[in-house]
Ligand SMILES: Cc1cn([C@H]2C[C@H](O)[C@@H](COP(=O)(O)OP(=O)(O)OP(=O)(O)O)O2)c(=O)[nH]c1=O
């Protein structure tokens with residue numbers, strides 16, 4: 001139930017984030033992606049990276065929409081201290097899947113909500129994801145599906161890669177791109 005008349009801006013190009021919000025009855029007044037440079041800094045740790053990028057996305061977009069609620073997020077797949085790329089080509093995706101095969105990794109989503117009076121709230125959520133050991137044939141058929149494109153770590157848990165994941169620990173929606181219980185809490189707690 002919406003209490004504020006301030007507009008709600010989703011600072012994301014991700015259709016997954018739009019669908020997730022819709023699932024809890026939230027439809028943004030505008031979708032305005034930040035479109036910033038997301039290159040990690042030298043030796044930047046995954047948590048620091050997720051916090052920095054989500055904050056930059058939120059700041060860029062809230063500058064364009066004063067007096068609005070702005071939600072931005074960044075989802076990072078991390079193996080230890082290593083940040084996996086958003087897979088842009090088949091080589092990225094193959095490298096990611098080979099690294100994830102047979103082990104656990106972390107998916108971190110850092111959520112930023114900017115309130116209409118310009119206060120910035122941050123919430124980082126971590127989910128541990130277990131991958132089964134992948135056969136080369138499984139990797140190749142997944143590559144053909146193109147489901148990895150633009151996804152952090154080269155897979156999407158909401159698609160065919162679900163067959164590779166026997167267990168997760170933590171929020172499922174966090175892996176897809178927004179942890180819905182946290183987003184709902186942030187919005188309700190800040191007068192939305
Ligand atoms: C691990 C994983 C990631 N993803 C997606 C969510 C995000 O869209 C993407 C991570 O990249 P992000 O940089 O978080 O998001 P984005 O580039 O898609 O959009 P924007 O920066 O404008 O908000 O990976 C899945 O859809 N499923 C998964 O299982």
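All residue numbers here begin at 1 and follow the chain in the order shown.
Any Cβ shown, glycine's included, is placed from N, Cα and C.
Curation plays no part in TrEMBL annotations; they are all automatic predictions.
According to TrEMBL, the feature active site, proton acceptor maps to 74. The site 'Important for substrate specificity' annotation in TrEMBL covers 16, 75, 158.
Projection of TrEMBL feature records onto the structure.
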{"residue": "16", "record": "site 'Important for substrate specificity'", "contacts (Cβ under 8 Å, 6+ apart)": "156, 158, 176, 177, 178"}
{"residue": "74", "record": "active site, proton acceptor", "contacts (Cβ under 8 Å, 6+ apart)": "38, 49, 50, 53, 54, 57, 109, 110"}
{"residue": "75", "record": "site 'Important for substrate specificity'", "contacts (Cβ under 8 Å, 6+ apart)": "50, 107, 108, 109, 152, 174, 175, 177"}
Item checked: Other C-beta atoms that fall within 10 angstroms of the C-beta of residue 158 (site 'Important for substrate specificity') -> 17
Notebook entry, point to check: Under DSSP, is residue 75 (site 'Important for substrate specificity') helix, strand or coil?
Noted result: strand
